[in-house]
Amino acid sequence: MKRRLSLVFKNLKRKLVVGIAGPSSHQRQAVVSLVLLALTELALLTLTFCTNFLSAYIHNTLEVFHGFRLRALSNAQSIVSFERVTGIFVEQPLQRWHDSNFAGWSFWNTYYAGVHPVVTVLFLVFILVRMFAWKLTRVNWKRMNEGVSPLSTAASADYAPLPSAESPYYSPENASAVVTRDTFTDMTPAQQYRFLRAIWVLSAWLAFFGFLFIPTMPPRLLPVCDFFNYSGANVGACLTTEYSFIDTIGAHGSLLWDWNDESVKSLNNPYAAFPSQHTIFAAWCAMTWIMLMGPASRSLSTRSVHYWLRGLLRWGIIIYPMVTVYCIIITANHYISDALGGLVALAVSYGTVYLYYLYKDRRFIHYKDESLVSTVLPY
């Protein structure tokens, strides 16, 4: 059933591409196919990046804010109780220590407000452009039904045939679907993109469902009494005797935006704290960089400067999620549990995508030690 549904969607794509480009313009069909792929990916990435705004819209539209606020406060108090029991409730003393010794709130507030989206977008654009650059270099502009394909010799009712003369597609050389071979480095740039993108998308949507079903009041709002949303409802808990957190962005501002900006009030979900998307995206960027750099080269000696320089370039990115976690805690925008929840969400996403790829790997035909796709489609 699943295979038939996949073929239905692929046939619909063929008809759409042929309908736009025309049945006789084969090169135009390949270009249209690439453009559709680019638009689809950009739409998916944009929608995923806006999950915080989407959760805010859903809560503001479908739920009474007072009940939403009480649930968020209850979840926050549960997290504080858990951290006190486990001995990791250090957010308040850490913020006071940083304020006394370093401050620099304009920098840290701007880091929280701007670095998180900018770095993530740069990584997404990089792997997306890298995929398309690889695809364009592999184009041979030959019709798929010209010549004999090894797939034609692998007759099997379980796999779709090559496109017929009515579907004269062009394709890149060695075109293949998403599949894990032995390691990540054995994948093509297109396969690597889909693997990494799938992890990012799944983890972001896991966070989205956390925002929907586990709304959590961040530390900065626990002692706040005078912060209101766009409709005039009080957002804070006003627990001034129990907590002494400082809303650093509210008190010192940032170079990009402030909580009192009308656009921020209307678009932002104030209780989108658990799990921390800042942590998820920062850790994903680090993971992406490490995986793209590949393992240590066996040809380099451990005494070589290049060996240690490559290791520094590969593992230095770990500093980024560490600084991000430190930032979201000292600015009182997240609890330590939020960061841990973000790491768990990313780990679950990675494991799920990896297992899915192992499952997909079994659905491939192997012809002379080469993996061939069951359904041939351009790009």
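Placement of Cβ uses the backbone N, Cα and C atoms for every residue, glycine included.
The model shown is predicted, which means the values in this text are computed figures rather than measured ones.
Annotated in TrEMBL:
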TRANSMEM  34-58  transmembrane segment
TRANSMEM  111-133  transmembrane segment
DOMAIN    190-350  domain 'Inositolphosphotransferase Aur1/Ipt1'
TRANSMEM  195-214  transmembrane segment
TRANSMEM  271-292  transmembrane segment
TRANSMEM  312-333  transmembrane segment
TRANSMEM  339-359  transmembrane segment
Same-chain residue ranges lying at least 6 outside the transmembrane segment (339-359) that approach it to Cβ under 8 Å: 178-180, 195, 198-200, 202-203, 206-207, 210, 274-280, 283-284, 287, 325, 328-329
Leading stretch by Cβ pairs under 8 Å, where the reference is the transmembrane segment (34-58) and the options are 111-133, 195-214, 271-292: 195-214
Outside the transmembrane segment (111-133), six or more residues from its ends: residues with CB under 8 Å to it: 34, 38, 41, 45, 49, 189-190, 192-194, 196-197, 200, 249, 254-257, 277-278, 281-282, 284-285, 288-289, 292, 320, 323-324, 327-328, 331, 333
